[in-house]
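Peer 1: Below you will find the structure I want to go over with you.
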Amino acid sequence: MNKELLNCERVWLNVTPATLRSDLADYGLLEPHALGVHEGRIHALVPMQDLKGPYPAHWQDMKGKLVTPGLIDCHTHLIFAGSRAEEFELRQKGVPYAEIARKGGGIISTVRATRAACEEQLFELALPRVKSLIREGVTTVEIKSGYGLTLEDELKMLRVARRLGEALPIRVKTTLLAAHAVPPEYRDDPDSWVETICQEIIPAAAEAGLADAVDVFCEHIGFSLAQTEQVYLAADQYGLAVKGHMDQLSNLGGSTLAANFGALSVDHLEYLDPEGIQALAHRGVVATLLPTAFYFLKETKLPPVAALRKAGVPMAVSSDINPGTAPIVSLRMAMNMACTLFGLTPVEAMAGVTRHAARALGEQEQLGQLRVGMLADFLVWNCGHPAELSYLIGVDQLVSRVINGEETLHG
């Protein structure tokens with residue numbers, strides 16, 4: 001028996017690894033291997049043909065089943081209260097969003113409901129959403145604030161996100177998105193809201209250890225380039241990574257700004273220009289594609305996938321779960337839409353929810369690949385090829401999931 005395997009607490013024999021390793025082509029598929037875990041990390045990955053008994057005490061034969069890294073949903077807004085179903089109905093009848101917003105709908109309706117909910121209520125509302133992702137194979141999820149838009153309500157959302165990670169078998173990364181919209185109280189003075197974010201909310205979130213990163217919605221209906229820079233400077237002062245909702249509805253130059261700040265990722269990108277693409281490529285910033293929002297809003301302007309591919313920009317894929325523009329709680333569906341709507345290959349979609357999604361969260365040294373030394377987050381699938389994970393939607397193919405070396409039986 002291989003010495004490294006003998007040192008493992010658990011060994012999975014006869015797995016077919018789709019490693020998603022950056023140094024291997026396509027899915028990084030290997031012949032049947034034994035995968036050993038020690039102290040929460042992948043400790044050994046050994047070809048079956050090189051093994052001789054005896055096997056360690058805790059082993060199981062997976063009979064050739066496909067194993068992939070755990071899926072990573074790197075952009076969600078899944079903590080919220082209230083429903084926008086009536087708004088959806090009105091929009092299908094042709095009522096413009098501006099009119100809906102004037103009547104109290106839109107994002108501010110979610111803000112009102114989220115402010116009114118206590119932490120326990122928000123936790124209970126978010127619980128089934130996260131459990132749905134877990135059932136699909138998500139082992140890491142990013143959760144943003146952004147529906148509180150006061151100091152206490154933004155922190156409340158972040159506390160709920162942390163609690164979800166403690167209560168469920170999933171790793172949660174948190175992002176402060178106080179610069180999501182201008183709250184009603186600051187409608188006539190948005191610069192004062194930006195000052196509040198920079199001088200009060202970011203310091204409080206950082207000091208409480210509630211935020212892993214800071215995000216800004218940089219758009220003509222959101223925050224200007226100058227305001228975005230202010231928020232990024234404040235985040236940098238507190239040692240927080242930055243991200244950006246960029247170039248979804250127009251191009252303000254936000255992606256270039258974010259790249260200059262060394263952002264982890266810029267997200268949406270339908271209006272990304274060549275200058276922005278080169279900036280992302282130069283700084284190694286991840287382009288996160290959100291096809292569910294594109295689909296739900298019936299957009300027609302596609303993100304420049306071919307240009308991103310040519311420039312070598314890593315492309316992540318995420319669900320963008322939110323009540324207004326992407327009420328679709330399915331990373332697997334986002335993978336499918338990334339292929340069918342945006343033209344990604346299934347290999348790119350799979351890399352987009354593993355290796356590149358890990359980079360979008362700053363976790364590329366720990367997550368997103370099956371590689372010795374990385375955290376033991378992986379999935380066992382009842383399917384013959386990893387392309388099925390982007391192709392066949394709505395069928396439960398997950399056999400089991402492992403996070404930090406601990407197996408969670410599926411179901």
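Every residue gets a Cβ built from N, Cα and C, even glycine.
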Peer 1: Of the candidates Y147, Y186, which does Swiss-Prot annotate as part of the N-formimidoyl-L-glutamate site that also includes N322, G324?
Peer 2: Y147
Peer 1: R84, Y147, H180, T325 show up in Swiss-Prot as binding 4-imidazolone-5-propanoate; which entry in Q248, Q397 does that record put in the same site?
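Peer 2: The record-listed residue among the candidates is Q248.
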Peer 1: Please pick, from H245, H385, the residue that Swiss-Prot records in the Fe(3+) site together with H75, H77, D320.
Peer 2: H245
Peer 1: Relative to the Cα of G324 (N-formimidoyl-L-glutamate binding site), which of the binding-site residues H75, R84, Y147, H180 has the closest Cα?
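Peer 2: Among H75, R84, Y147, H180, R84.
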Peer 1: Output, ordered by sequence, the same-chain residues six or more apart from Y147 (4-imidazolone-5-propanoate binding site) with a CB under 8 Å from its CB, or 'none'.
Peer 2: H77, I79, F80, A81, I107, T110, V111, T114, D153, M157, H180
Peer 1: How long is the line from the C-alpha of H245 (Fe(3+) binding site) to the C-alpha of N322 (N-formimidoyl-L-glutamate binding site), rounded to the nearest angstrom?
Peer 2: 14
Peer 1: Long-range same-chain neighbours of N322 (N-formimidoyl-L-glutamate binding site), Cβ under 8 Å, sequence gap at least 6?
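Peer 2: In sequence order, the residues whose Cβ lies under 8 Å from that of N322 (N-formimidoyl-L-glutamate binding site) (at least 6 apart) are T76, H77, L78, F80, A293.
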Peer 1: Count the other Cβ atoms sitting within 10 Å of the Cβ of R84 (4-imidazolone-5-propanoate binding site), across every protein chain shown.
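Peer 2: Result for R84 (4-imidazolone-5-propanoate binding site): 22 neighbouring Cβ atoms inside 10 Å.
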